[in-house]
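Per TrEMBL, the features are as follows:
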DOMAIN    B:89-270  domain 'FAD-binding PCMH-type'
BINDING   B:121-127, B:203-206, B:254-260  FAD binding site
SITE      B:Arg305  site 'Important for enzyme activity'
BINDING   B:Arg381  substrate binding site
ACT_SITE  B:Tyr439  active site, proton donor/acceptor
Number of protein chains: 2
Amino acid sequence: MHPQRWGDPAAATDLPATALGLVELAFGLQDRPAVTDATPPGSALDATLLDGLRELVGAEHVLTDDETRTLRTRGKSTTDLLRARAGDLTDAPDAVVRPDGHDEVAAVLAWASEYRVAVVPFGGGTSVTGGLAARRDGFAGVVSLDLVRMKRLLAVDEVSMTATLEPGLRGPEAEALLAGHGLTLGHYPQSFEHASIGGFAATRSSGQSSAGYGRFDAMVVALTAATPTGPLVLGSSPANAAGPDLRQLLLGSEGAFGVITSVTVRVRRTPAVTTYEGWRWSSFDAGSDAMRTLAQAGLLPTVIRLSDESETAINLADPASIGGTEDPGCLMITGYEGTASQVDSRRAAVSAVLAGLGGAPLGTEPGEKWSHGRFGAPYLRDAMLDHGVLVETVETATFWSHRQRLYADVKAALQAALGEGSLVLCHVSHVYETGCSLYFTVAARQVEDPVAQWQAAKAAASDAMIAAGATITHHHAVGTDHKPWFALEIGEVGVRVLRAVKAELDPAGILNPGVLIP
Amino acid sequence: MHPQRWGDPAAATDLPATALGLVELAFGLQDRPAVTDATPPGSALDATLLDGLRELVGAEHVLTDDETRTLRTRGKSTTDLLRARAGDLTDAPDAVVRPDGHDEVAAVLAWASEYRVAVVPFGGGTSVTGGLAARRDGFAGVVSLDLVRMKRLLAVDEVSMTATLEPGLRGPEAEALLAGHGLTLGHYPQSFEHASIGGFAATRSSGQSSAGYGRFDAMVVALTAATPTGPLVLGSSPANAAGPDLRQLLLGSEGAFGVITSVTVRVRRTPAVTTYEGWRWSSFDAGSDAMRTLAQAGLLPTVIRLSDESETAINLADPASIGGTEDPGCLMITGYEGTASQVDSRRAAVSAVLAGLGGAPLGTEPGEKWSHGRFGAPYLRDAMLDHGVLVETVETATFWSHRQRLYADVKAALQAALGEGSLVLCHVSHVYETGCSLYFTVAARQVEDPVAQWQAAKAAASDAMIAAGATITHHHAVGTDHKPWFALEIGEVGVRVLRAVKAELDPAGILNPGVLIP
């Protein structure tokens, strides 16, 4: 991972010429090169302290060099990238520790509790909500607890169709191990290529195929976590009535309650057939209503997403190409995965409903194009940042009856905050029987202080979400960025519950301090 | 509700003559009449204390008469009934208070916290795990907080397909209100006729149609609860990544964290067509494997259950009737609900799979018979108790690969504990992609102390569940009866988490003391 950009440094690319032309037209081009010679502050942890850590995991797994620490500094929000590009490495950890297995993780937590060292669990480093920026005050230092050595497929149960995975596995690594058994998790968030299993669990991730495979938190049937108070081993059965579901308390705990050391997830057979196609809708409302109809009829494809008019126009670049008219309408992508007969029957049933509701089939070309580029957007963001364009996303979710208001209010808030000439795009990214998520992408010409520029827009959007009774985040977690609104979402008593759980599991408060808990 | 029997006193009945003959043959008949002149101990709460309560909810809603207190004593486990039949009313509350609405509930909790009075939330009174038997020691007394006045349908959202219900609504009352909008919850546990919405939520209930409608905890998208610390208002969206799912912490909290004052649940259109049918399998294993195949293919009926060989034989009384041979095999019930086309297509697809796996279709007669008697078993239990036969149930759940072991071990434990001549029957009552629940029914000739007789069998069965790594309860909650095994299931750290949440939400410890928290 590049310390100032997304993903594989070799995959970095400038915008294609046509896109560059559009960007110049819309925002003007600025040259915003990144500072390349920044170094992190020296490690605040002294040699004696670190020697204790080395005894626990082996000296070669306690790293304090600048490059390693730089690569574990913050996540991949636009704000994080802007700071990294400006050479700001003030959030660098003092050391990176790489334990192998539950017991070593537990030992590191005991050490950290004793010496009051903050611990930031690190999987893929792809947080976009400040989930890796621990509070330093009151601590002797900060260590990044890198799960890179915990990448095993611990068990496969092909009768129950479950697999037990270690948290350090990145998306493609987990899928490769499962593919050896003809199995798949089917979890493909945009961060898939770099994000980790532990991160998916700790942040309640939801993937692009969630209509078919479900959210990550719905896939988890068991988990183990190391906490300073002791081990948590949960998951006797798919579901039960044995008290509150404590699995759902650890899922979404963002490293603040413990370090998830394994998860047992429901798996499926690798699909024999995958096919993605496009549908055109006259309006965002018409397409959204069709999604609702499918969800409430129990008739969802594996993938379903719908771009609003603006996003459809921008993503097509040549708007006429999907509709044959100047009004491109709204593009919906539907995808089907499974056996040939499953795909055929589901596709036929869904297509009949969509056609009946006024959707126009566009064939597989738009679907294949989406599928091909599905993990690519973050690379484009880097190219845009190079040219002085601010690009960022926010997402929320609500019940169907509030969708229109939420869409209008958040869009208006972003547009007003970012000013004339900015672009606000949206798509429905995940659907449920009772509601859906809205995923906004913005682009604007950067001003002198783009971090402040974005923070103002983010605050306005967040205020609008809470005012509409919606969630502050559908699938990106709370981190540090969402805390003020998260407190409003769950209320004072909800916050007190989280604090009580935190105090019980992490009495020294060393686990990812400053994250999640308002 | 009869204070010593299940359900509507007018519906009480003796066994039919053929059944009585079989019971006599199997267990011998004993005359075990109930004590009918027992009265509860006098109220421990003095007039001054009760006057404070009367000011909060109105004098007419604070009841201390013997009949009302008797009717709020314990729940409906066989142990509860045996104690009630023996005239033991030592667990009677000192008063019954009937608040109307969230604010009055909150006021009662504040009063109880101030004067250290234990509060037992009361919905349908159908607990079978000792969930209504609060600990008395250290308290000035015990009040039953009866939710009988909170029976409103607060909101219907036909776009989002949700409804907001008050907790005091019994199953049929909620369905009748929803039917006025053409909607249904589809939640039909055996206790349906008497259990309440609040109870369904507080105990993570699962109904007989769970394959189609899901567990109750999966239906809840929002809830409000009154706690001594303040109100909890949860549920911004169908699902999100805004921290741990606190809804899932309140669901299953059994009145120990707060009183659920409303739930917003996903609803469905009232089905136009309902049809139930029978299938015969050569063995419990063959039928179970077929259920697993359906669940993992995403092809479940609305209802699916499978009796083992013993339960099939007993329930049919004339074993030859389903198979035409002396070996009745195992009876599976499948049910379909929805529009005509939904039912037709799902039924055809499921039937093709079942026939392909060796199932023999038995037509709708066994299905209609099951449907007709689906809420009747508790009445038969009373008749059996009248004749000196101990009848009780236990249920558990596990992953598919552990099903055979769990079945064999729990069955053997019950059989060994209850001795020769006892009957141990089982059915698979709920299925998931990764596992299923097993529901055991036992019958044995009562010995001198039937409570002790059952407690020994229950302990043996519970030990076997935990040893097999299964859950202590799939859909009957923890109550007081399951606490020792619940502690083993969630471990020491899990117990500490629950205690920490309890201490935060209920610092005086007045909420259902002795229930849930080990």
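Positions of Cβ are set from backbone N, Cα and C atoms, glycine also.
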Determine, using Cα-Cα distances only, which of these recorded positions is closest to B:Ser205 (FAD binding site): B:Arg305, B:Arg381, B:Tyr439. B:Tyr439
Around the Cβ of the residue listed as 'active site, proton donor/acceptor', other Cβ atoms found within 10 Å total 23
Where the distance is taken from Cα to Cα, which of the recorded positions B:Pro121, B:Gly124, B:Ser127, B:Gly255, B:Arg305 turns out closest to B:Arg381 (substrate binding site)? B:Ser127
To the nearest whole angstrom, what is the C-alpha distance linking B:Pro121 (FAD binding site) and B:Tyr439 (active site, proton donor/acceptor)? 27
Between B:Gly124 (FAD binding site) and B:Tyr439 (active site, proton donor/acceptor), the C-alpha gap once rounded to whole angstrom: 22
Only counting partners 6 or more residues apart, tell me which same-chain residues put their Cβ under 8 Å from the Cβ of B:Arg305 (site 'Important for enzyme activity'). B:Gln208, B:Met332, B:Ile333, B:Trp370, B:His427, B:Val428, B:Ser429
B:Gly258 (FAD binding site) and B:Tyr439 (active site, proton donor/acceptor), compared by Cα position, are separated in whole Å by 29
Intrachain C-beta neighbours of B:Gly255 (FAD binding site), sequence separation six or more, cut-off 8 angstroms: B:Val119, B:Val120, B:Pro121, B:Gly131, B:Ala202, B:Leu511, B:Asn512, B:Val515
Of B:Ser127, B:Ser205, B:Arg305, listed here as recorded positions, which sit with their C-beta under 8 angstroms from a C-beta of chain A? B:Ser205
One should report the C-alpha separation between the residue listed as 'active site, proton donor/acceptor' and B:Ser127 (FAD binding site), rounded to whole angstrom, as 16
Can you name the residues of this chain that are 6 or more positions from B:Ser127 (FAD binding site) yet have a C-beta less than 8 Å from its C-beta? B:Arg74, B:Gly75, B:Lys76, B:Ser77, B:Asp80, B:Gly199, B:Thr203, B:Ala477, B:Gly479
